[in-house]
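Enquirer: One structure follows; several queries about it will come next.
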Amino acid sequence: MSESDGGGRRDDNRSGRPDDNRRGGPGGRDGERRAAGPRRNAQGRQRPERAHGGRERSAQKPSERGRTSDPQRLAAYTVMRAVADGAYANLELPKVLRDKDIRGRDAAFTTELVYGAVRMHGLYDPIISVAAARPIAKIDENVVDTLRLGAHQLLGMRVPTHAAVDETVALARKVNGAGAAGFVNAVMRRISERDLDAWLAEVVPTNGDLTARLAVEHSHPEWVVKALRAALLGHGAATAETIDDDLSSLVASDNDPAKVSLVARPGLSSVSELVDDGAEASWLSPVGAILPGGDPGAIRAVREGRAAVQDEGSQLLALALAAVPVEAEAPEQWLDLCAGPGGKAGLLAALALQAGADLTANEVTEHRTELVRQTLRPALLQAGAHGRTIDVRTGDGRFYGEDEPGRYHRVLVDAPCTGLGALRRRPEARWRRTPADLADLGALQRELLASAIDATAPGGVIAYATCSPHLAETQFVVRDVTRKRDDVELLDAREYLRDASGEVVDVPGGGKTVQLWPHLHGTDGMFLALLRKTR
Ligand SMILES: C[S@@+](CC[C@H](N)C(=O)[O-])C[C@H]1O[C@@H](n2cnc3c(N)ncnc32)[C@H](O)[C@@H]1O
């Protein structure tokens, strides 16, 4: 239900959960790492900071300590292993939480454990390696996952040291075996001897190469940091003078939990309904609201599919496509070419009904088409009453131009992409993607955009969007496709990106396309180009 990383509060602290595990992680902005407040003992009472993260010994003998692992850490480990085998954390975690009946604050704690350990292992692995006095590749990968969970408790959450060590050793005994537990105990104790700043001073390279430094400090593959540097410069969001600071802010924000933003699908729900249910109106999106805490599923409009969890950047893009003036005979035909799982289609469907337009929502995989159908259910139910059609289809978007030339008046190409603008949401994404993906995706993105243009009627408008700022997926795709054609022109997309008070959203850079940024707008790194079909 939620796109959030979770987090939350816990009154008792028996198993060492932090009071507020959403903030203060190693990926947080500089100076905020320990901003969440003082350390607490196992009963949750405040205690003084230690100078260098010194040891706090348990009163128990090692053989007596942590014989049983708690269900949350065991669940976190189970998800970690599934992710190592190719699963997606955001899909696997809810299943495991459900199976183990882990809810509320315990679910938030488990979520933070998994997301933090997966996301931050680019930093934790060098620390584990130093603490273990051996290369990470020489440690069994199951044991590495246990240690990543332990390192995150010590360095990224404010779990009391004795609880983090004892519970991680107990977990190791259960899942890695008694021999490994002794090793885990030794490594965890070594890690606990220093605080995060001392470890950063130890493992972050100091040779002056900012890319290498940021890659370790903020746990990103180096190629991603380089690509983000090029993107900031290429989209005009940084200059030669500001790039180091801007890049640092961007990679730091990739490790901040995304706020839980909701969309009120127009005509089905409203921002004021969401506000009445505890959300706060978004200043950025006219149809958005922010949930300050709690489960979005507790909100009636969300449960009924009239509202949903959706990034504000995604909302702005769909609204922009709907806002461009188009001269066409009613009813306008709208097309979402790559609709799965249906987030933007959900908003477009509501807007189409209000505008008296029909919508075709297409997706290439059956499974994701079914997700689109579920998302659109409330709009589908209303379409008949409005005398309108919402058609959900499975098909390859590359053939729409050939099969239905000139049929549509507004077309969204929310292209499959690397997702480098949404790293906050997918903890494993940065480690899965490789530069080689860009070649495959680039060819597909170009074909989909060309097909969309062919499928658009003269005077109609095409929105090309990605949740990546990578230049190869954004500017270069639009440039390559449009320069081969004389039937399309680039519109100034900035004109149509309006905040909740109707003002043009401030987007850095001087071009006609829009690039949103997590560190500037608090949204995913969404790209938008708007094209007019001229003939
Ligand atoms: C970035 S996602 C779209 C997200 C969606 N617009 C939303 O807001 O929920 C891209 C989608 O394109 C689909 N896709 C990939 N290749 C496609 C193709 N050839 N034709 C149509 N859809 C395709 C993927 O399966 C994926 O669901």
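Residue numbers in this text run from 1 along the chain shown.
Cβ coordinates come from backbone N, Cα and C, glycine included.
Any TrEMBL annotation is an automated prediction that lacks curation.
Keep in mind the model is a prediction, meaning the values are calculated, not measured.
As listed in TrEMBL for this protein:
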- CYS338, ALA339, GLY340, PRO341, GLY342, GLY343, LYS344, GLU363, ASP396, ASP414: S-adenosyl-L-methionine binding site (BINDING)
- 1-35: compositional bias 'Basic and acidic residues' (COMPBIAS)
- 46-70: compositional bias 'Basic and acidic residues' (COMPBIAS)
- 233-534: domain 'SAM-dependent MTase RsmB/NOP-type' (DOMAIN)
- 1-73: region 'Disordered' (REGION)
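Just tell me what is around each of these and how deep it sits.
Expert: The 10 Å shell around the Cβ of LYS344 (S-adenosyl-L-methionine binding site) contains 25 further Cβ atoms across the protein chains shown.
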Enquirer: Under a three-state reduction of DSSP output, how is ASP396 (S-adenosyl-L-methionine binding site) classified: helix, strand, or coil?
Expert: coil
Enquirer: Per DSSP, to which secondary structure element type does CYS338 (S-adenosyl-L-methionine binding site) belong, with helix, strand and coil as the options?
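Expert: Once the DSSP labels are grouped into three classes, CYS338 (S-adenosyl-L-methionine binding site) ends up as coil.
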Enquirer: Over the domain 'SAM-dependent MTase RsmB/NOP-type' (233-534), work out the mean pLDDT and round it to an integer.
Expert: 97
Enquirer: Please give the S-adenosyl-L-methionine site's span as the largest CA-CA distance among CYS338, ALA339, GLY340, PRO341, GLY342, GLY343, LYS344, GLU363, ASP396, ASP414, to the nearest whole angstrom.
Expert: 19
